[in-house]
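**Q** One structure follows; several queries about it will come next.
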């Protein structure tokens with residue numbers, strides 16, 4: 001037996017703990033204080049942050065290193081020396097300044113580490129950084145020009161509208177009722193379910209899909225209906241009816257299933273936006289109808305150039321939208337692509353099948369199909385501006401923009417519909 005038993009056990013423990021104690025004494029215990037303590041900046045813009053590190057364990061020649069977990073959102077570079085001097089080490093206080101540059105939409109934290117030889121030690125304290133999209137002149141130009149051209153094309157639609165046919169549609173609103181079922185029953189439920197399937201852990205993306213699904217039909221549906229040979233009068237009547245019905249159906253869905261999607265969302269129904277779209281739809285159509293009555297030759301000319309003008313407008317929107325929103329393509333993941341393409345195409349299919357099952361002619365079924373699949377994405381984006389903070393609202397609109405691109409690049413049901421029509425009629 002050991003002559004110093006049981007003291008030898010205590011001695012062995014002390015011998016083992018001493019090196020660990022020495023190592024722990026060498027590890028710095030530091031706190032970083034940032035001024036300002038948080039930062040919000042726009043993409044491609046920079047700002048400066050002053051930092052002070054205090055605590056125990058600073059040594060001369062220690063190097064301060066900046067770490068950015070989400071380097072695609074922002075990066076940082078030192079604007080001063082980041083090596084600890086002997087004076088700073090003796091006072092256990094180091095000051096520096098660095099520059100933060102916003103690279104892309106999102107949020108990230110920035111933190112410091114002390115590099116000592118080949119070892120690195122964390123410094124307590126972080127600064128949250130938020131990068132937003134800047135308001136640009138080109139965005140205002142794009143929005144204004146599209147609004148102007150769409151108003152002109154709706155004047156053309158008014159010149160081409162056959163008012164007795166529209167009155168017949170309103171007298172026997174079978175087509176609009178089918179479209180309403182697709183627009184305000186199938187689309188909200190479909191986007192609600194597809195959102196849970198594609199974005200199970202991202203409620204803000206799910207909310208973006210749902211806002212798209214509850215929006216009324218968009219103006220592009222009328223353009224595509226005319227280009228593809230559908231019933232333009234039915235399409236215009238359906239767009240007007242669905243936009244007016246949105247005053248009731250949007251609050252119904254937003255304050256029922258919308259609360260399930262995102263309980264903490266500050267959802268505001270954009271009544272003013274909807275009313276603006278109604279005015280922007282009815283006034284140009286009224287001007288076109290007046291031209292039919294008072295200037296028939298000019299109205300006939302407007303009808304002759306309608307198809308070429310419509311095609312030019314669509315190409316303009318596609319090219320200009322891509323040029324002004326190139327940054328948004330960085331957001332496209334396979335989930336966003338599936339969701340963005342799935343929403344309009346499932347709407348096209350559901351609207352056409354439902355119309356043919358209800359024995360509607362091909363031209364009417366085509367109008368119902370396009371009206372169901374194409375949403376007013378402007379209203380959906382406006383909703384998200386109020387429901388989500390920035391930059392989450394802009395990040396979520398990436399899916400809506402892809403949906404809008406798929407709306408603009410509407411696949412031609414005209415190519416597949418005759419075969420589908422024969423099958424549905426036989427069944």
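Just so it is clear, glycine is given a Cβ too, placed from its N, Cα and C backbone atoms.
A TrEMBL annotation is a machine prediction, not a hand-curated record.
Note that the coordinates shown come from a computational prediction; the quantities given were computed from them, not determined experimentally.
Annotated signal peptide per TrEMBL: 1-26, in sequence order. The annotation transmembrane segment is assigned in TrEMBL to 141-163, 175-199, 205-227, 234-254, 274-294, 306-328, 334-355.
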**Q** Using a Cβ distance cut-off of under 8 Å, indicate which of 141-163, 306-328, 334-355 has the most pairs with the transmembrane segment (274-294).
**A** 141-163
**Q** Using Cβ atoms only, state whether the transmembrane segment (306-328) and the transmembrane segment (141-163) have three or more pairs under 8 Å that are 6 or more apart in sequence.
**A** yes
**Q** Find the member of 141-163, 175-199, 334-355 that has more C-beta pairs under 8 Å to the transmembrane segment (234-254) than any other listed stretch.
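**A** The stretch with the most close Cβ contacts to the transmembrane segment (234-254) is 175-199.
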